[in-house]
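S.K.: What TrEMBL shows for this protein is this:
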type	residues	note
BINDING	Cys216, Cys290, Cys297, Cys300	Zn(2+) binding site
DOMAIN	4-58	domain 'RNA polymerase Rpb1'
DOMAIN	87-166	domain 'RNA polymerase Rpb1'
DOMAIN	168-507	domain 'RNA polymerase Rpb1'
DOMAIN	832-919	domain 'RNA polymerase Rpb1'
Amino acid sequence: MESFFCNRTFDKGEMRKLIQWFLINYGTARTAKLVDRLKTLGFHYATKAGISLGLEDLKIPPIKTRLLKNAEIKIEENEERFLSGKITAVEKLQKVIDVWNTTNELLKNEVIVNFRQTDLLNPVYMMAFSGARGNISQVRQLVGMRGLMADSQGEIIDLPIKSNFREGLNVTEYLISCYGARKGLVDTALRTANSGYLTRRLVDVAQSVIINKTDCGTYHGILISPLIKNKKTYISIEKRLIGRVLAKDIYDDQKRKLIASRGQDICSYLAPKILQKTKQKIYVRSPLTCESNRCICQLCYGWSLAHGRLAQIGEAVGIIAAQSIGEPGTQLTMRTFHTGGVFAGNVADRIYAPHDGILEYFSDSGGKTIRTQYGEDVFFTFTEKKLFIKETELNTSTLTLPRYTIIFIKPGQKIFAKQIIAEMSSIAEIMPNSDKSDWVEASKEVKTDVGGQIYFDNLITVQQRNSSDKLQEINKSQNVTKVKENGLIWVLNGNLLSFLTIFKKLSVKHHKRYMLSEQDSLTNHKFKIFTSTRPHKNFKPKPGLTQIPTQTVTNLITYNSKYPLNNLEEISMNKETLFKYQDYTKIFNVQINLHHVHKLKRRMKIGSQQNKIKLIRKNKLTKFTRKYKKPTTRESYYLETHENITFNIQKTKKKELKVVRTDHTMTRKKKQYCQYEEITVLNSNKQCLTHNDKNQVIFNTQRRPLNVKIGDLIYKGYEIAKGVRSTQSGQIISIQAGQIILRKGIPNLASENTLVGVNNRDLIAKNNFLFHLVYKKPKTGDIVQGLPKIEELLEARRTKDLQPIIDNPHEKLKQQFDFYKQKYDNATATRKSAEKIQQFLVNGIQLVYQSQGIEISDKHIEIIVKQMTSKVLIEEGGETSLLSGEVIEINRIEKINKNIIKKAKYQPILLGITKASLNTESFISAASFQETTRVLIQAAIEGKTDWLYGLKENVILGRLIPAGTGFKTKEKLSQQSQNKEINSILDI
């Protein structure tokens, strides 16, 4: 062999390529010797070098502080825009996640650059990048930053871990970090169990798949295309071609010369040649299109990946496929987080500032201002755009941006090194009318951070009844309002006090006793009463006595403001009503106070300290007999002194309602009698709103010209007077000489289709539900990835968490079948629709593995998917003996239909791997998998016969398995028995 010098760094990947190339060219014996010598060489130099990891080797890139500063400025701007009501809560959170993810990714790249520029022989760099120990993710956590973590529910915590393990974490960061650490430990345990169970199911579904012949003779094949997602190519056509067999001839586009013929296997030399010489579609043989019954032929399977040549007859490829898919299961994460750029673009699509400076470009033409999904106003270019970054008068950098680029920075704005200035996109992603099939609707519940009063600002709403379950979940007692266009819901600060009085049925006292107690009280000076438009439930009292029609008595309801003398801390409102009764004999006026007492003993003092309660309703009754029925009660409300108060007053008749305001102070002694009878009282619920100085901001305007008036809702940063900007958002409630008083408030932006659960001018407590924000998010934002996603695809799940999965494979299959049924006959429509779903499943499974950096050959996945899609459901039996609803193999029904006139009608079905295992021909195999009793009873009732075609049933019965050497033996035995039969016939 001719020796040559290969001048390149040999890391793990390069070593793998070398060994693979050597194996293909020189065979296993010489490769084994090479690997052994490489091992000796490796150990020799590892011992000589004595590489160890020290604290000084963990070098943090100096640019880290600048990157963190840039990110914090972005987060502050985002927060300001949220508090000003310019972006919704969802847009704010998405922006925070995007900023920190981008920073993390940028820092990771800077870590690599820093190592390469300063210290190539750094032990951390050598270990991680040679593939010997650790990976880039771990290096990033050691010398970069840990980044965003998820909580126990899988939601992303918007506070990132800015430190790395070299610097050390602070207390907050450490606690957030613990979430991930615990999740990692739990995941590892769960992964092992889940992965093992997945492998068992896969083995069970594919164990009977063996290579039984050289060529099945099919002319069908599958179209080879690269696997691309979000502009990233996961598997190239070249990779997919190697080890496959061509289904059609391939010709050179220019010379019309044959490059490769049908039935030829493609090696690593032929694949690039085909792609270079032709642009035509390439069809290859596949286990999906193999026409062998129960098994697969050599040509449809292609290379055995262990040897790099065609698989041998008798090879148990089903079990190899199952183990190839199941084995990496432990390496898959239980969940991953996908966060792209502004329009699902990757971090790589972004353009960063090369140095500090001032950015200049012409924004007058060649583009327009648009709003991104994060609520930012950006410039979108239709033509190529030149950007100038002026560092000094003499030093200016020029960047040329392609069409359809989003520019985040406004002209003339100062920028810092490594700041994001633009992101490349496409017109399809920007245009609102473009197909957003990759986006799904989601909702987020928004709660108020402060208590207070609701005000709607420019909010157009549509009343919506509680028709759907979703709306009923939001608020069962009220109608939900739907927002027609973007608008603001303000919460103006105030302390909300709620009183819920629960009354008990009082016990009956069998003899009457009047008790006299004295009380001193002080009437307070005037206070304000705000009426609220909040709807209340009205309770109709049940009449206790018959009315006298001739007698007229007017009702008077007064609201007095009183303070009892204990520390001047109480405000009480007395409600007095005049009642009329019939058949009275003795007329007297008394005032009754109803006290809440437990079962009374004889001679217990009613107003004693232990049984004293604060909430009392007081009634004045005139002209009544000794029959006392359902009197009302008095309520007292206790508030801090000198607070304004807003009451919900239920108005019945305007004529009879009087609000009394007193401006004087007086003391008086009051005597009250108590009489106890059986009474029933309804529960009462009251709310009032108080204002205090904490909820207000006073601005000194020094008699400057004003830009506001009383009642205006203003944002933080708004110029209320010349040279005076508001430091808070809220409502102007007072304008006096030289000063403006602002009631603090928080604006909440409600987007279109938001479901609002409050009404204008409602009172609301802190942390109460405001609205459900309805928004669209990319499907790739699916948190379920890794192992659960593989399981979802292989089990062909229809629902997840009791919710139907949108666009699940069953629905896709039905849509495709209905579409092809209009053009083709039943058999062709079934085959074509099944092919589409097969490709969808293969690509879906590949994406999960590829996104985790695990490579699995397509043919393994195809064998499993074939088992899932090889059955059909009978709709009409026709002239066959099959019944409607029966599940049968597609090859078998096609053979039956060939020989009859009135054919059976059927449709394709998709079986998950568990169902496919239980629906297998062999009842011994199915019974040894799951639901043993049911499978055996059903097989006994149907009188099934097991022909022992698979491996599992033969192992259970202790027979030689029909694979490997056993397959050939079986073939020889069957050939010998056939010869004996022929000879015996000839003898006769």
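Placed from the backbone N, Cα and C atoms, the Cβ positions cover glycine too.
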S.K.: So which of the binding-site residues is most packed in, judged by how many other Cβ atoms lie within 10 Å of its Cβ, out of Cys216, Cys290, Cys297, Cys300?
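M.R.: That would be Cys300, with the highest Cβ count within 10 Å.
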S.K.: For Cys300 (Zn(2+) binding site), just give me the three-state DSSP call.
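M.R.: Once the DSSP labels are grouped into three classes, Cys300 (Zn(2+) binding site) ends up as helix.
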S.K.: Taking the recorded Zn(2+) site as Cys216, Cys290, Cys297, Cys300, identify the other residues of that chain whose CB atom sits within 8 Å of the mean position of the site's CB atoms, giving them in sequence order.
M.R.: Lys213, Asp215, Thr218, Arg285, Pro287, Thr289, Glu291, Ser292, Ile296, Gln298, Leu299, Tyr301
S.K.: Of the residues in the domain 'RNA polymerase Rpb1' (832-919), how many are helix, strand and coil by DSSP?
M.R.: 46 helix, 13 strand, 29 coil
